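Engineer: Dumping what TrEMBL says about this protein:
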DOMAIN    117-298  domain 'Malic enzyme N-terminal'
ACT_SITE  140  active site, proton donor
BINDING   193, 448, 492  (S)-malate binding site
ACT_SITE  211  active site, proton acceptor
BINDING   283, 284, 307  divalent metal cation binding site
DOMAIN    308-532  domain 'Malic enzyme NAD-binding'
């Protein structure tokens, strides 16, 4: 085959030696590797073999610790390297969960879980799967937020790829340095907007690592096909720049053309190296980049923004499920958002799409049921010229309103949703007003981590005198009020993205469409209703 290809070159050059040139979405010049997506791709040229003996005990993919049987200890040269007893995986799990519960500080539990993942991957996932309700807040929000803040201090060994401005022009080579050849899911962040904590730069790696552990634990995706990536273009967080232990580039963030070129090279390299069907999940990019990246690449790559689309899908599922308590249909309700960023506008758009789907009213008409409040007040048509492009569809005709409480009184919403990233903004007056307007006000304080939630479960139930239906982004403990125990809902993206990603992988789709998100929301809402 090689000799045939060499012969068919008309100008004397070998076709195999020709380099791909820039084309539009691949095309004839196959910039992104679509034509080679099913062929073997070149990888770093070293041989791969499963270690034995002492090296096997240091390999987290194959190490079983004391669970190695007598026969395995003989076969893999482990005699003398382990204590003589054989402990089943179940007994190891029992011991580990007991040890974890001795830690009083959540970050200590997080570090213990990461240590386990780095030495015994199978036991890590066994533990996480069997105790997911208890450990989800540890490996994911809210604890992962604190882990990212202190990532430079607790960093031990890399768990993903770090691609910085230093690698510009060499990103394809960097991808080939990763030992796994077949990758199906990439979670990537640039660390500029980590949860509600702001710019954490390179230390945002904790987010892709945590998300992908849930792809395996909750979605069943093999860990070997998951790749966490942090793109380091600097940070505007002065505290990190002044910190001698900061592990990222010590410079201000690159923006404009320099940033766009690095992301373009990254997206092209991923497609060339892993093919058309690799899912790229954007995480915690700042608003101005999140919308632009999704708009730019959603027609050429298999991309999904969890902050815009995942949050929207899980919140829509909660809204649909809550209708059995609220009554009516989505179209019968009025929605008011505090926060008009990627999460807020993403949720709003999916609500409008679901209303349109159910009632056949035009999308523009459905949007009129939804109002947004940003840092300057109610988003209204008189502000149209100064609004960012993603806010403009929500600029309705209304007199300007500056404060949230005044917006609540003017709009009279049945549903209040917080995506502001600012804690304590659903004040007592706001909640009491919602309760005065509605027999069962639905209040969703979605900002993460817990410290950034617009209000707590206790506040929502107390101030509404037990009438509110409450959900949050991070979990709150059950709360007792006047003899009744209230268990709040959690609008956690983990209920959506692992299954959504698995469905994308299994179906072989090459693009993410809005109707997929609507289907995911409806399926999750149906599951919640069945369990209730």
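Cβ from N, Cα, C; glycine included.
Because TrEMBL annotations are produced automatically, they should be read as predictions rather than curated entries.
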Engineer: Tell me, how many other CB atoms lie within 10 A of the CB of residue 448 ((S)-malate binding site), whichever protein chain they belong to?
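Structural biologist: That number is 25.
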Engineer: Whole-number Å only: compute the distance from the Cα of residue 284 (divalent metal cation binding site) to the Cα of residue 492 ((S)-malate binding site).
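Structural biologist: It is 15 Å, counting Cα to Cα.
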Engineer: Between the residue listed as 'active site, proton acceptor' and the residue listed as 'active site, proton donor', find the distance joining the two CA atoms and give it rounded to the nearest Å.
Structural biologist: 7
Engineer: Would you measure the largest Cα separation among 193, 448, 492 for the (S)-malate site and round it to whole Å?
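Structural biologist: Maximum Cα-Cα distance: 18 Å.
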Engineer: Using the centroid of the Cβ atoms of 283, 284, 307 as reference, list every other same-chain residue with Cβ within 8 Å of it (recorded divalent metal cation site), in sequence order.
Structural biologist: 189, 193, 194, 207, 282, 285, 290, 305, 306
Engineer: Just the number: how many Å between the Cα atoms of residue 448 ((S)-malate binding site) and residue 140 (active site, proton donor)?
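Structural biologist: Counting only the Cα atoms, the answer is 11 Å.
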Engineer: To see if you understand the setup: which same-chain residues, six or more apart in sequence, place their Cβ under 8 Å from that of residue 307 (divalent metal cation binding site)?
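Structural biologist: Those within reach of residue 307 (divalent metal cation binding site), by Cβ under 8 Å and sequence separation of 6 or more, are 193, 282, 283, 284, 285, 290, 342, 343, 346.
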Engineer: How many Å lie between the Cα of the residue listed as 'active site, proton donor' and the Cα of residue 492 ((S)-malate binding site)?
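Structural biologist: Answer for this pair: 10 Å between alpha carbons.
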Engineer: Counting Cβ atoms within 10 Å of each candidate's own Cβ, which of the recorded positions 193, 211 comes out highest?
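Structural biologist: It comes out as 211.
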